[in-house]
Amino acid sequence: MRLSALLALASKVTLPPNYRYGMSRPGSLADKKKNPPGTRRRRVAVEPIPEEDWHLFCGDRVEILEGKDAGKQGKVVQVIRQRNWVVVEGLNTHYRYVGKTVDFRGTMVPSEAPLLHNQVKLVDPMDRKPTEVEWRFTEAGERVRVSTRSGRIIPKPDVPRADGIVPETWIDGPKDTSVEDALEKTYVPRLKTLEEEVMEAMGIQETRRHKKVYWY
């Protein structure tokens with residue numbers, strides 16, 4: 001575990017029990033506008049899918065089955081697991097205005113709308129056609145996705161994290177903090193204040209005495 005991952009655990013957002021997940025990251029400014037404090041939104045029914053059965057990930061090549069872009073293929077750029085949503089890059093878009101003011105109508109920009117997991121299918125790398133998949137184990141014991149039509153393994157893509165690092169391919173450099181150094185306990189709690197610890201470490205002797213203070 002890297003130091004950035006340890007710091008991310010400390011800044012984890014605590015969500016209320018009736019929180020409704022959306023396209024924005026929980027705790028962000030856009031999310032707070034959708035879920036203002038003190039309000040209760042109607043609960044959304046979501047099909048329960050076990051974590052071990054979920055098979056769509058960021059970077060996957062999928063084909064859309066429904067909607068205006070049915071038959072088109074694209075790359076998954078976002079997965080909202082709590083709503084069974086996936087977002088396909090450049091497809092299933094709608095247009096909206098941003099930066100609207102009194103004197104300016106705003107700039108029209110495209111925005112990808114989410115799709116349910118059953119509205120897309122993974123693309124088989126053998127023939128570039130949509131296919132059903134199932135989880136199987138290889139001879140080495142690795143759990144992989146396999147096309148039910150061709151039997152071809154569909155590997156999981158390596159997707160960078162928010163800080164741009166791909167954990168599977170990252171190699172620590174000379175300026176990176178190792179896991180052992182990050183987890184090493186170097187602080188020993190004491191009853192002295194910080195100032196007293198610094199004075200003791202640097203050999204500073206306090207010879208001054210408090211003078212009388214008069215208030216008028």
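Every residue, even glycine, has its Cβ placed from backbone N, Cα and C.
Features of the protein shown, as given by Swiss-Prot:
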| type | residues | note |
| --- | --- | --- |
| TRANSIT | 1-9 | transit peptide |
| MOD_RES | SER24 | phosphoserine |
| DOMAIN | 56-89 | domain 'KOW' |
**Average model confidence [pLDDT] within the domain 'KOW' (56-89)** = 92
**Asked** Where DSSP helix means H, G or I and strand means E or B, what are the helix, strand and coil counts for the domain 'KOW' (56-89)?
**Response** 3 helix, 16 strand, 15 coil
